[in-house]
Amino acid sequence: MEKIIVRGGIPLSGKVKISGAKNAVLPIIAASILAKDGISVIRDVPPLDDVFTIAKVLEAMGINIRYDNEVLKVDAKQVKAHEAPYELVRKMRASFLVAGSLLGREGYAKISLPGGCAIGTRPIDQHLKGFEAMGAQIEFGQGFIEARSKGRLKGAKIYLDVPSVGATENIMMAATLAHGTTTIENAAKEPEIVDLANFLNGMGAKVRGAGTGMIRIEGVQQLSGINHTVIPDRIEAGTYMIAAAITGGNIFIEGAIEDHLTPVISKLEEMGTTILINEKGIQVSAPTTLKAVDLKTLPYPGFPTDMQSQMMSLLMISDGTSIVSESLFENRFMHVSEFERMNAKIKVEGQTAVINGNTKLIGAKVNATDLRAGAALILAGLAAEGETVISDIHHIDRGYVNVTEKLKQLGANIGRVQYHENEEAHEHNTRIERVLPIQPTLA
Ligand SMILES: CC(=O)N[C@H]1[C@@H](OP(=O)(O)OP(=O)(O)OC[C@H]2O[C@@H](n3ccc(=O)[nH]c3=O)[C@H](O)[C@@H]2O)O[C@H](CO)[C@@H](O)[C@@H]1O
Ligand SMILES: C=C(OP(=O)(O)O)C(=O)O
């Protein structure tokens with residue numbers, strides 16, 4: 001079992017390069033299924049566990065995939081199976097994103113139900129409502145759904161009850177090959193939606209309005225594979241911005257896009273960090289003491305829920321009391337009890353956490369309960385006195401490319417070690433010196 005060990009107290013400095021966005025590349029890979037001719041060549045594809053999982057979903061459908069040096073080639077001329085199996089969907093909810101492309105192209109998709117996950121129940125009713133509005137029949141089996149349409153889907157007017165990122169993406173993909181025009185009202189506006197629309201339009205689709213609350217998709221007859229470069233990961237960028245702030249450091253975050261990070265930049269500036277922006281990225285430097293601020297997570301362009309836990313790690317050491325409200329997911333405060341092991345003083349009531357600042361964080365053994373909670377524990381460990389040992393780091397590997405390597409390059413004392421059950425002595429001998437190789441890539 002691998003763990004991450006951090007010894008805190010070092011101000012980080014230098015340059016870090018941001019990888020392609022996980023949440024953009026997953027729907028784009030799903031969209032590549034729509035190309036009946038040509039090959040999709042997708043660049044800046046991060047070597048993440050989630051990317052390997054969705055690649056396996058496509059392979060299970062008989063689609064040809066090649067991955068090398070962050071370039072993914074997808075040849076979807078033939079789709080031999082129409083199913084996303086449970087073993088893969090349970091690993092990653094975003095596997096459900098293949099439903100829209102499969103249904104749009106083949107008129108049939110059988111997908112295991114993604115179920116809830118650590119951060120909440122995460123229903124898919126809005127995805128299904130969209131498919132049904134376009135004429136699909138939905139049937140629930142034991143642990144899966146089947147969606148089928150007689151002939152092409154039909155364009156429809158769809159109002160989303162919540163601006164769901166996944167539902168917007170799934171409906172957009174399904175609608176590209178529908179007969180007639182589809183409108184999505186109260187659509188999600190995230191930069192990843194815009195990247196997906198750019199990919200689809202490159203393939204020959206007619207998607208207008210992505211990035212606004214009203215998206216219009218005029219169905220076309222056929223889509224083809226194209227070359228596309230994925231946008232940089234705004235959540236990875238935001239996480240390194242906080243790494244600079246929490247260590248009183250100075251980091252240049254190469255590839256970070258200002259427009260995608262407005263709420264994070266604004267909060268960090270309010271707290272007292274200095275942020276300089278140029279066309280290559282964002283420089284963050286921080287004094288030793290920062291001011292406490294309040295925040296509430298909201299759909300884009302509001303403060304991202306995927307940055308809530310990392311921000312909380314910073315608020316714990318800031319001067320004053322902060323209030324954090326989580327409005328998207330009902331169970332996204334699991335990091336709080338892990339932070340408490342590190343001496344944090346946080347009170348949670350419902351969807352609100354009150355954080356006592358000025359905490360002297362102390363290293364402890366903690367557990368990464370989900371992806372961003374894991375990132376937040378690394379950040380807290382960077383600021384803590386002594387050693388923090390983080391387990392269940394497979395969650396972190398879903399979303400951060402070479403996180404220990406990137407932080408080491410910035411001066412952090414961090415590494416991955418192999419632990420064995422009941423081997424405390426081994427823990428003390430191995431520590432940070434034994435850094436393991438990164439996840440192997442698909443050939
Ligand atoms: C792979 C990916 O891109 N994941 C991101 C995506 O997840 P995901 O696409 O799953 O998140 P959604 O935007 O769909 O969820 C937002 C809210 O809508 C609700 N909802 C969603 C769908 C539905 O059919 N019915 C419904 O009620 C959810 O329970 C949640 O409260 O957006 C989230 C919100 O920014 C991020 O935290 C995730 O990192
Ligand atoms: C919640 C996240 O991802 P997913 O939707 O894939 O679970 C995330 O990226 O923080």
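Any Cβ shown, glycine's included, is placed from N, Cα and C.
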Site-mate of Arg93, Arg122, Pro123, Ile124, Asp125, Gln126, Leu328 for UDP-N-acetyl-alpha-D-glucosamine in TrEMBL, selected among Asp68, Asp294, Asp306: Asp306
Assigned element (helix, strand, coil) containing Leu328 (UDP-N-acetyl-alpha-D-glucosamine binding site), judged by DSSP: coil
Sequence-ordered recorded positions from Lys22, Cys117, Gln126 with Cβ under 6 Å of an atom of ligand 1: Gln126
Whole-number Å value for how far Lys22 (phosphoenolpyruvate binding site) lies from Arg122 (UDP-N-acetyl-alpha-D-glucosamine binding site) (Cα to Cα): 18
Where the C-beta lies under 6 angstroms from ligand 2, the matching binding-site residues among Arg93, Ile124, Gln126, Asp306: Arg93, Asp306
